[in-house]
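Beneath this line is the structure, given in structure tokens, with notes to follow.
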There are 2 protein chains.
Amino acid sequence: MNKTLKFPAVGPLVAIGGAEDKTSEANILQRVLSLTPVEEPVVGVITTASSIPAEVYEGYREAFGRLGAAEVLDIRIRERAESRDAGFLDMIERSDIIFVSGGDQMRLTNILGGSAALEAIRKRHDFGAVIAGTSAGAASMSTTMVYGGAADDSLRKGAVKMSAGFGLVAGVIIDTHFLERGRFSRLMEVGATNPEYLGVGLGEDAAVLFDGGTIRAFGPGHVVLVDSSKITGSNVFDLSDGEAVSVHNVIMHALVDGYGYSLTDRRVLTPDELRAIRPEQWIAYS
Amino acid sequence: MNKTLKFPAVGPLVAIGGAEDKTSEANILQRVLSLTPVEEPVVGVITTASSIPAEVYEGYREAFGRLGAAEVLDIRIRERAESRDAGFLDMIERSDIIFVSGGDQMRLTNILGGSAALEAIRKRHDFGAVIAGTSAGAASMSTTMVYGGAADDSLRKGAVKMSAGFGLVAGVIIDTHFLERGRFSRLMEVGATNPEYLGVGLGEDAAVLFDGGTIRAFGPGHVVLVDSSKITGSNVFDLSDGEAVSVHNVIMHALVDGYGYSLTDRRVLTPDELRAIRPEQWIAYS
């Protein structure tokens, strides 16, 4: 009865950099759909982050419908009180894919943080549902979430604004619209504040699949990884707010479709190497 | 008689990221003035790159005048024909500091490339005059010069536009307004095309002094160095124009005032290490 039973392991998690193609190509959305083994999947679209939920939902309804979804649900939670609404919880329960739209990530965490809806989403994920998020929906997946800070003002102590995200993926901090808005310095500052976390800078129309200890890049755009684990120096702890941050020996990788990264070994994986690693969800489905 | 005789070695070369403070602080312009041993130096301002030369000259006349320059010369070469004008050549000859303004670096190389004026500038530099340039005036100092390419479009093969610069400094490619315009991906693309060159990304109100094999950062802004010499992979030669460039293992350093870099050892130098290295021009003046 319960559809979740057919997924014995945690589902795929996809983070998208924003502005993904929704036209006939729809490279990334197609890939998101392909990640569930359900033939005609139900997609639940959460538009909580957006200030124009009707328009955003309509765009995804059309795109996912064209790509073969059986149903595209409008999970339009606008206020914290609605995050325990039985109708919305039921929609989450029914979704094979939960897609979190862009907008303001602070709206997302403020309205959904610690809610029954988030608990339901986590449970669906634990039982194999795909969780995908774009822009704010991607940024909020980190344990610590970047929510602000003008790119041209960053690398000044305190310029990058961080708060607690949903923690759907460990060990990384996700930023979006990365190349388009020149956010390299944001993730350099983030890395200086705590070198343990890998910065994942998603370009527009680019995505990553978090697959156990492996990151797989896909889509037409770029994924820039900012590895601060080998930094040799920084003045960040010596500064007052607003002072210029130095940080030395940050390693960056610009990945394109087909490349990946090993979070455990901290190194780029070529398409050949990636093919040799069987994706976790495939194992789960076999 | 010839003032150049008192400078036995090539003069200091300063590249500034643009939008340097011209008010009472004027941290960078003050430093530029301090680099000549001449007590009340003559500053020649070359506004060829700018479309508003009168305004730009006036700004520097006021700033350098206030900071102690004896004279600020208006070297307003607007056309290629004027680049051999005896009056302008004489101004260059008389300048202890030659300051090249911002604007369009292509105007600069088109009008001054291979000219008598450029030859005169090089000669002044060889005999110890300070050469400083901001924005376009800094970018044009490279052997290969970046002159265009929208930051949000870069890391696509062919997106970064390069041509031949003045070659006042070897081994580096300079980009300006670096953090403010999010140009990290430009220098990552440049590095993929030829890893030998160190990318020098100058933020606004930030500068570097090229001092033999050492780079010294100063000013309130950031200097980002993009070292592609250890890249482990890139698809750049496999692509058609417009396709997404991958590049792995690019090392970046965000330097602030007081830090430096050894071009020979490819490593960051701390303020303490820098103090131990006597600047070349000090040796020259002793």
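Using N, Cα and C of the backbone, Cβ positions are placed for all residues, glycine too.
Over in TrEMBL, the protein carries these features:
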ACT_SITE  B:S135  active site, charge relay system
ACT_SITE  B:H177  active site, charge relay system
ACT_SITE  B:E204  active site, charge relay system
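It is 5 Å from the Cα atom of B:H177 (active site, charge relay system) to that of B:E204 (active site, charge relay system).
Separation of the C-alpha atoms of B:S135 (active site, charge relay system) and B:E204 (active site, charge relay system): 9 Å, rounded to the nearest whole number. In the structure as shown, the Cβ atom of B:E204 (active site, charge relay system) sits within 10 Å of 23 other Cβ atoms.
For the active-site residues shown (B:S135, B:H177), fewest C-beta neighbours within 10 angstroms: B:H177.
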